[in-house]
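**Q** Would you mind keeping the following structure in view while I ask a few things?
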Amino acid sequence: MANFLSYPTTDMSDLMFSNIIGSLLAVGLSALSCYLLPDVELRKPPPAIQKDGPRVMHETLLASLTATILFTVFQFYTLNDSLAALMAGIFALFPMHFRGAILSSWWRIVGVIAGCLYAILVQLVIYDFSRHLILLMPLISLGLLLAARIHVFEKVGPGVGFSILTTLALMFGQYMHPNQDIVFSALYRISSVSVRLSARWAVTLLSINTEYFASTRYIVK
């Protein structure tokens, strides 16, 4: 939000309204899905994670410094239209530790590439008939179903399946327009993987530096 609102061309009201509507739709659709498709058995809450002071400090520094570096890079290069690249860097912070960030980066890379390749395949299949929604919707639904299936079986949160879902949502929701192909957008999105790799290196360097101090050392008990 801070990155996009810093540009004079951004309409703050439109951005805020879009975020509010998107959040309400996500909550409403999730509640409707849980009501129509209830769990077969009750879910057990995840075990509580005990964190000591140094681990909390380690995670705080790792997340805040990496996010600041990403924000600085996007401001320096005026990347006001690279939502995918920005989210790729943010998703690397979800695990909140070095090993998890590296693994999350790998999942994101695989998911983005798989989603973009599927989008290109759909474009090749329908060719210049992309303006016909009735031809496009079955292929989009098939891709979303396959990605959701992978996401459910992974049980790791934002893994490969989640990355494919977000990629397909951006490809067909933001870039697909009548009489316009998405091949260039898909290839450009694949190139945004480099941002993910840069974020991974930033996490690596910051994690190594914080391990030198006892007050910020990451120790799993």
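The backbone N, Cα and C atoms fix where each Cβ goes, glycine too.
Taken from TrEMBL, the feature transmembrane segment covers 20-38, 59-77, 109-127, 133-152, 159-177. Here TrEMBL flags 72-194 as domain 'Integral membrane bound transporter'.
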**Q** For the domain 'Integral membrane bound transporter' (72-194), jot down how many residues DSSP puts in helix, in strand and in coil.
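**A** Counting residues per DSSP class in the domain 'Integral membrane bound transporter' (72-194), I get 92 helix, 2 strand, 29 coil.
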**Q** Which residues of the same chain, at least 6 past either end of the transmembrane segment (20-38), have a Cβ under 8 Å from a Cβ in it?
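**A** Long-range Cβ neighbours of the transmembrane segment (20-38): none found.
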**Q** What else in the chain is close to the transmembrane segment (133-152), if you only count residues 6 or more beyond its ends and a Cβ gap under 8 Å?
**A** 115, 118-119, 122, 125-126, 159-162, 164-165, 168, 172, 176
